[in-house]
Amino acid sequence: MDTLIIDESIETVADTSISTDISIGKGNISHCLLHSHRLEICSFSGYKIYPSRGRTFIRGDGRTFHFLSSKTESLFHQRKNPRKFDWTVVFRKMHRKGISEEVAKKRTRRAVKYNRSIVGASWDAINARRNEKTEVRSAARAEAVAKAKEARKEEAAKRKAARANQPAGGQKFSKQQARGAQVKVQANSR
């Protein structure tokens, strides 16, 4: 168990000292300690602890925790999460409780749409295209499809003509043979 050593000079100044409960490790020891008259913050609830109120817990690693009441101390030692208790300051901040309405209502910025031209087309052309009737649009689409089909047919005809003009190759090669693989010898007898 850890021990707490109090200097003799502290006891002489009894006028400014404040009595607090200090729990070290697992045991509680009451001592008269010299403290300045300042507010502490509860380690669990986040509330203010006024002088001569609350308890102080010093962990084995030396870290001190101040608690407003035995309730907060008990919940801390049970390893409860203060974010789950709706009366703690942490919970209220997380869930935006108690904020005045003036501060809470922030002005939201809305994106304003601007009509601009795109690299290939002016805004007038884009707007005219957008306002076209569906019949005009479908007719233009059908015309574009017909043009594409015709272009495909012409290309196929060119390919056919180019193939017809080529001299007939005597022996056919596979792709591997064309790249330099050994020629397979055909069997003559069977």
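Yeah, the Cβs are placed from backbone N, Cα and C, and that goes for glycine too.
For the ranges 56-100, 146-190, the feature annotated in TrEMBL as region 'Disordered' maps to 146-190. Remark: secondary structure over the region 'Disordered' (146-190) totals 24 helix, 0 strand, 21 coil, with classes taken from DSSP. Counting residue by residue with DSSP, the domain 'TRASH' (42-80) contains 8 helix, 10 strand, 21 coil. In the predicted structure, the domain 'TRASH' (42-80) carries a mean pLDDT of 96.
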